[in-house]
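Student: Mind having a look at this structure? Questions to follow.
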Amino acid sequence: VHTYRSTDIVQLPTMKHNFAFDNMGYEEGFETVPSPSSQEHTMAVNIVGMTCQSCVQSIEGRISKVKGIVSIKVSLEQNNAVIKYLQSEISPEQICQEIQDMGFDANIAEERLTPGTVSLPCLREAVVKLRVEGMTCQSCVTNIEGKIRKLHGVAKIKVSLDNQEAIIAYYPYIIQPDDLKSHISNLGYDCTIKSKSAPLKLGVFDLGRLQSANPRETPASLESDGVDPPVTKMSGTATVTVRIEGMHCKSCVRNIEGNISDLPGIQSIKVSLEHKRAVVQYSPNLITVSALQQAIESLPPGNFKVRLINGSEVNKGASPSPALLCDLFREPLQDMTCMAVIRIDGMTCNSCVQSIEGTISQRQGVQQIAVSLADRTGNIHYDPAVTNGEELRAAIEDMGFDASVNAARQPRAAEPPRQGCASDALPDSPHLDGPNQASGATAEKCFLQITGMTCASCVSTIERNLQKEDGIISVLVALMAGKAEIKYKPEFIQPLEIAQLIQNLGFEATVIEDHAETEGNVELLITGMTCASCVHNIESKLMRTNGIFYASVALATCKAHIQFDPEITGPRDIIKIIEEIGFHASVARRVPNAHNLDHKKEIQQWRKSFLCSLLFGIPVLILMIYMLIPDGEHHGSMVLEQNLIPGLSILNLLFFVLCTFVQFLGGWYFYVQAYKSLKHKTANMDVLIVLATTIAYVYSCVILMVAIIEKAEKSPVTFFDTPPMLFVFIALGRWLEHIAKSKTSEALAKLISLQATEATVVTLGPDHSIVREEQVAVELVQRGDIIKVVPGGKFPVDGKVIEGSSMADESLITGEAMPVTKKPGSTVIAGSINAHGSVLVNATHVGNDTTLAQIVKLVEEAQMSKAPIQQLADKFSGYFVPFIISISTVTLIAWITIGFINFDVIQKYFPNQNKHVSKAELILRFAFQTSITVLSIACPCSLGLATPTAVMVGTGVAAQNGILIKGGKPLEMAHKIKTVMFDKTGTITCGVPKVMRVLLLGDTAVLSLKKVLAVVGTAEASSEHPLGVAVTKYCKEELGTQSLGYCTDFQAVPGCGISCKVGGVEAVLGPSASHTYSVLIGNREWMRRNGLHIANDVNDAMTDHETKGQTAILVAIDGVLCGMIAIADTVKQEAALAVHTLKNMGIDVVLITGDNRKTAKAIATQVGIKKVFAEVLPSHKVAKVQELQNGRRKVAMVGDGVNDSPALARADVGIAIGTGTDVAIEAADVVLIRNDLLDVVASIRLSKRTVRRIRINLILALIYNLLGIPIAAGVFMPVGLVLQPWMGSAAMAASSVSVVLSSLQLKCYKKPDTESYEAQAQGRMKPLTPSQISVHIGMDDRRRDSSRPAPWDQISQVSLSSLTSDKLPRRNGFVEEEGDKWSLLMNGGDEEQYI
């Protein structure tokens, strides 16, 4: 046995840490003679899955044969193996792999050099979760993380502000959870331990050291040569059986067996889940039963309870106390450490403390520093080999404080360094890096917010220019989110400089300080967890994984919330880790905006409320009608008015029973709403309704009780009929309104359904050959994955094409129908559709960062932030409720006063009262009766009906006229609209390209118009491009036939055009033309590539069309240029009229489009819109709406595409075209079923009519109240006009009926037809000249000068010749040709498209 002295220190300059040895003994079986080769290492491997001795033999047998293995000793009890190997031949990872190949789980526990040095025990991390209360913002988080991370013994820390908790991975030998708790508490936060983690976990070598330590000796005398033999050879072993409560599953059993078997002195432990007991064999000299009991009870999750069953304990020697154990562990000597105590004067506050600690802790050689403001001292632990007290004192003085060295303590043994196991990353604390710090430059990441980007070419400009800068490693820009993620080398460049570079390119850029948003977040559903120990298992495994910052698992919901670094790991890897431990995990699907789904609950509540009120309300209605029938000779109504007992008639009993049910079942939800309203100190409609019904009900109950007690001959007239009727109407109105509201939330479900559900992730071999393909759910795609997209498939994520070329239909994002060319380097958008080529895409933005997810987020935010309009009735009742209550109180006080002054007035009212009733009682009774009559006559029944009835009739009339209005809010809002924004494609225009003009260039004798059309139509029939479809459709219409010739050798080149051979057109042209034509159709570039010259006049003609916003394509047949075709998206016939009518109503009209400015301007000229925003992203459309709203203007947005949906949701009134996408229709408040823009005018006019009607209703209700209240209050009593309660009821019914009839007058509304609009606009509609139109690009409010090509044109790759068009003299070209009236170019980047 070899013993090393604690004084023999060997310095190994190559290693980052210097190690010292303490007194260690090894069993002879482990090693015989120290080999001279310093390459021979010993390591311990944990092996899981061995069941019996034969497993041991098979592992020893197989591994000992592996090249490079010197010896192996496997222990079944300890579940580990100690292996000696030659480092030059084999690595620890390879050894583990060999064992894993045999079907066992293996991981490295510890390693050490055999004779040269002995490494420290590999400290196993434990994880603890602390609840931290009192954090308010991100800087609290940073503060805690920064302070705790510096503590010795802390490996990782992640603080979550949302969950108010901290998860800390620490080394239990060095620091304990209670220390961590007190450190956090000292920072000023409330801290409690949520879950304890695994206690001391000892490795093989630690056991060796523990056994060699004689507890009775002081650590200084650990130099004895005689070492006790290892445990197995100890004479005294004892067995004890303990009962363990609190185990749930096998995972608890493994937890106890695994952790306890590692403790010193434990030889074996067998736990039985069924019998809830454990049999433990142990050495009493090393551990006592009470220590064992304590060890089991302290295991996570901390709910095991241990009882002794039999006292078979043989305690031979005193066992080391846990405290001593701890000391022993702190003792292993490392390089020497000194402590200097420095007096520091001049500190004024805590920030001085922090700055000193921060600066000094960064110095080399400083291991720990604690500065106390109160004591004005700093305690610094440092390595005397690197620095000294004097240097440190000088450093503090350099910071501007006065410092003097009080004492430098003798060198003492330092704690072992924080050292990770194989899988654990070394904590990146500054003083561990030592001298190597500067040389290995590490990359850092920063995030910038960028505004002003309008399209994909802005993105590529930024990416391309930044990549050229020194020190920038990678750049990733997200267009929709407006964010850039940049990896850089801090010694070359800093984030603020990067922001400056971006600003130099013409964009606004700011550095995002809060990195919380930039981490990947994933929520997983985990099945198979049974108890807290499973939770702990998963959490600690995840926290030990590289790239995971934070993991929190909730047993109750089976959910795990994980934050990770998307560059290192991703959801797919995390799920794999969890499944390896033996649980099943999947990504929790995000419910599209959960906040809007609450309508379901509300709809059910109002429906229940309505049906319940209706059920009991109908009998009340019947009884009311029955009561109103005049008493004839037969005294029909007397039957119900007979008294059951004196004072209680059958009628009143029925009324009471029915009304009680309505009041508390049907009206319950009103009570809830009213309570909420009062809590916020406002009085709305609900308060009024609850007040009126409750008072009517309580009053009726009270007078009924009085009548019964007084045994009156006639039952009194009650108000029981009021509540049911009111609740029925109001509940119906609310129910219908919520049904309309719920439709908006479906927009998001539709949006999310645009996303692909699966992606094909491929693994690439050398030269981009595909090695493996797998289908993965789209949530599991990670950044950097290579994805294969087949023709017709959806792009699952945003990314860059790395191989293949194709066309993509991006109409979903841009709203433009033209496909866009995709070749290596192009960016693709999630949700867009791949046309005809297979491509490989490198995923750059996944999950919530994709463009589609951003649009979903925009729609969600818009729906959340839209200010709810306060309905007129609510505004009204806010004033009305306090007013009525005060009148009622005044009435009460007035009559009590009058009664006591002049009793005769009241006596008239009770001519035949009983003699035994006191005067005071009569006065009070009369006073209460009048005041209650005031409250009930002012009941808001008619007020409550004023709005819902008008809205119901209004929406009904609109629906008959082809306008769907979702609920009362848009209807009440539309009359206030001051600005209408129109989308272009599909809203102002038809959204489908049409041929505007065909120009023949060749000899018409050889190639007649008919022949050209037949040939071109046949050629384009094979094309999928919208322009091709338009050409074929036009040719077929012109030739009057459905069948054309056939086409061979068809070839389409994205962005250029098509070439093919056409034959068989004889059927159209007649037998003479039996000939095969070779055809080329495309743009200028395509003709040039095929060697055709384009004459100047042809070029000018094309340019002329392009200026007007049309696409011009050339046709060559048999190598001769023979025609030009101009294609455009046509403007809807009624568009100009609708715009004119809106302007006449005093409303501003704006055009907003994602299309280029040339096209936008051409369209605006035709329809008469003066203000145009072109090249606008979906998020910019929202921003534009908000900008106008901020100017206190009510905005309506008219659109049809997915890209319009966020703006439709955000606008005060969103109007969708019926032929538009589902998503737009769901997000809008109004849908025009007939696809007619004049309906925009009609909906605004109808809204005006409805609001006027609501106001009339409110006035009717008011007049009736103003007349009724004085009479009810008894003002006219001296004249003899007293209101009996039944009169109050009748008057109420009358007012309600009048309101309903008034609302029904809306039925008379007739929508004006086109002729009447035209008659109004007669002679006033003039087309605008281009100079009258102001065009703005993107979010830019600067007017762009139309005479000069903007930088945009250079970006959009328009060929030079189409640019020259901007400089040509304008031949007033907008009135010139017949066809131009509806002309429009789909896309100015027309050369980018192919035909």
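We number each residue from 1, going along the chain as drawn.
Placed from the backbone N, Cα and C atoms, the Cβ positions cover glycine too.
Since we're looking at a predicted model, the values are computed, not measured.
Per TrEMBL, the features are:
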DOMAIN    41-107  domain 'HMA'
DOMAIN    126-192  domain 'HMA'
DOMAIN    238-304  domain 'HMA'
DOMAIN    338-404  domain 'HMA'
REGION    408-437  region 'Disordered'
COMPBIAS  408-419  compositional bias 'Low complexity'
DOMAIN    444-510  domain 'HMA'
DOMAIN    520-586  domain 'HMA'
TRANSMEM  610-629  transmembrane segment
TRANSMEM  649-671  transmembrane segment
TRANSMEM  683-709  transmembrane segment
TRANSMEM  715-736  transmembrane segment
TRANSMEM  879-903  transmembrane segment
TRANSMEM  923-946  transmembrane segment
TRANSMEM  1258-1280  transmembrane segment
TRANSMEM  1286-1304  transmembrane segment
Student: Sort out the residues at least 6 away from either end of the transmembrane segment (715-736), same chain, that have Cβ-Cβ distances under 8 Å to it, and list them.
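Tutor: Non-local partners: 603, 606-607, 609-610, 613-614, 616-617, 620-621, 623-624, 641, 643, 647-649, 651-652, 655-656, 658-659, 662-663, 666-667, 670, 685, 689, 692-693, 696-697, 699-700, 703-704, 706-707, 936, 939-941, 944-945, 947-949, 951-952, 967, 1284-1286, 1288-1289, 1292, 1296.
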Student: Counting by DSSP, what is the helix, strand and coil composition of the domain 'HMA' (444-510)?
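Tutor: In the domain 'HMA' (444-510), the DSSP-based counts are 22 helix, 24 strand, 21 coil.
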Student: Are there at least 3 C-beta pairs under 8 angstroms linking the domain 'HMA' (238-304) and the domain 'HMA' (41-107), leaving out pairs fewer than 6 apart in sequence?
Tutor: yes
Student: Against the transmembrane segment (879-903), which of these stretches has the most C-beta pairs under 8 Å: 610-629, 649-671, 1258-1280?
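Tutor: Answer is 1258-1280, with the largest number of Cβ pairs below 8 Å.
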Student: At a C-beta cut-off of under 8 Å, are there same-chain residues at least 6 beyond the transmembrane segment (610-629) that contact it? List them, or none.
Tutor: 636-637, 640, 651, 654-655, 658-659, 661-662, 665-667, 720-721, 724-725, 727-728, 731-732, 734-735, 1293
Student: Between the domain 'HMA' (338-404) and the domain 'HMA' (444-510), are there three or more C-beta pairs closer than 8 Å, counting only pairs 6 or more apart along the chain?
Tutor: no
Student: Across the domain 'HMA' (126-192), what does the pLDDT come to on average, as a whole number?
Tutor: 86
Student: With DSSP, how much of the domain 'HMA' (520-586) is helix, how much strand and how much coil, in residues?
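Tutor: Residue counts in helix, strand and coil order: 23 helix, 24 strand, 20 coil.
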